[in-house]
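See structure below.
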Amino acid sequence: MVRFALTIVRHGETRYNKDKILQGQGVDEPLSATGFRQADAAGVFLSNVKFTHVFSSDLLRAKQTASTIIGKNKFCKDIVIQYDARLRERKYGIAEGRPLSDLKAMAKAAGEQCPLFTPSGGETLDEVRARAKNFFEFLCQLSIEEECQKEQAVRGMAGNGLETLEGKPVFPLRNHCCGLELNSDTDKDTKMLNPNILVVSHGAYMRNWFGYFVLDLKCTLPSALKKSQLSSVSPNTGVSHFIINLGNGDVIKPEISCICLNRDDHLADVNAENV
């Protein structure tokens, strides 16, 4: 059985985010001072999670966020961040660099609603979802291949790469998100979760990716999650966490459980500073 953990984080705030200007792929703004503070806070929140892989969009705001998060991590300071264009934000064509209100006006003129409307030169939602699907299946295949390579080596070993330096298992976020304490059962589950993957991406892209998880792959959701949260864009550095079970190596129809979606309570102090 192949099971892996997937943590997805939106990049920190940029000046354009604050001013509600569309960046898409054509505007490559750096993080603002607030954005770096948000990334620091996310890094502290994730500092005890031992990631085996880190992927990021190749756009600057995501790269800076991923680097900042890993810089705070106790176990992953030497890990190599892999940049992937499949994780880029949705392309907004002629609307990039313009206020969000302009996009809404374009949609209204076309008799459509955001986010269904696609401006000239932009990506459709189906195209964005296809990118997300392609990247996710890549992660599934990566997990299967690595499990095959490590299966013999893991047998007879005390741990499998998901332990802290003190020898205690780091169950990826579940105890943070659900308030669960580690016990013998979760300890067994922990040792089956490998790889443990961190992805840093973008708001509209992530919303489409989560839609693919829920609508296409029938992802199970936390009981307290509201339907409105599913259609909302993650706040900057919002954290979402999933457990993926590939069963008998089924990449096409994996079992996915959402542990938390767009969590942002790590930003309480950052938000207080900006009041």
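In case you wondered, yes, glycine gets a Cβ from its N, Cα and C as well.
Feature annotations, reproduced from TrEMBL:
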BINDING   Arg10, His11, Gly12, Glu13, Thr14, Arg15, Tyr16, Asn17, Arg61, Glu89, Arg90, Lys91, Tyr92  substrate binding site
ACT_SITE  His11  active site, tele-phosphohistidine intermediate
ACT_SITE  Glu89  active site, proton donor/acceptor
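Site extent for substrate: among the recorded binding residues Arg10, His11, Gly12, Glu13, Thr14, Arg15, Tyr16, Asn17, Arg61, Glu89, Arg90, Lys91, Tyr92, the largest C-alpha separation is 20 Å. In sequence order, Leu22, Gln23, Val27, Glu29 are the residues of the chain that are 6 or more apart from Tyr16 (substrate binding site) and have a CB within less than 8 Å of its CB. Rounded to the nearest whole angstrom, the C-alpha distance between Thr14 (substrate binding site) and Glu89 (active site, proton donor/acceptor) is 14. For the recorded positions given as Arg10, His11, Arg61, Arg90, the lowest number of other CB atoms within 10 Å of the residue's CB is seen at Arg90.
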